[in-house]
Amino acid sequence: QVFDQACKGIYDRAIFKKLDRVCEDCYNLYRKPYVATTCRQNCYANSVFRQCLDDLLLIDVVDEYISGVQTV
């Protein structure tokens, strides 16, 4: 399930899938279970999610992802 019921913002399946994909890709990069779970904490508003964006070389679109985090 992509949608986190703890998130209080706008429910947008496309945004959740996009944010969740970052955590999945980051998990695949490091193969550490805590990466995937920590990345999703606090509706993606955390330092691990931000680090994953950097590690996945998504630096040029960070603002787009941060905007998504603020939406959900």
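Even glycines carry a Cβ here, placed using N, Cα and C.
Here is what Swiss-Prot says about this protein:
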- Cys7-Cys43: disulfide bond (DISULFID)
- Cys23-Cys39: disulfide bond (DISULFID)
- Cys26-Cys52: disulfide bond (DISULFID)
- Gln1: pyrrolidone carboxylic acid (MOD_RES)
- Phe3: D-phenylalanine (MOD_RES)
- Val72: valine amide (MOD_RES)
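Feature map: annotations from Swiss-Prot on the structure.
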residue: Cys7; record: disulfide bond; contacts (Cβ under 8 Å, 6+ apart): Cys43, Val72
residue: Cys23; record: disulfide bond; contacts (Cβ under 8 Å, 6+ apart): Val35, Ala36, Cys39, Arg40, Tyr44, Phe49, Cys52
residue: Cys26; record: disulfide bond; contacts (Cβ under 8 Å, 6+ apart): Val35, Ala36, Cys39, Val48, Cys52, Asp55, Leu56
CB neighbours within 10 A of the residue listed as 'valine amide', counting all protein chains shown, number 18
What three-state secondary structure does DSSP assign to Cys26 (disulfide bond)?
helix
Other CB atoms, at most 10 A from the CB of Cys43 (disulfide bond)
18
Taking DSSP three-state, what's Cys7 (disulfide bond) in: helix, strand or coil?
coil
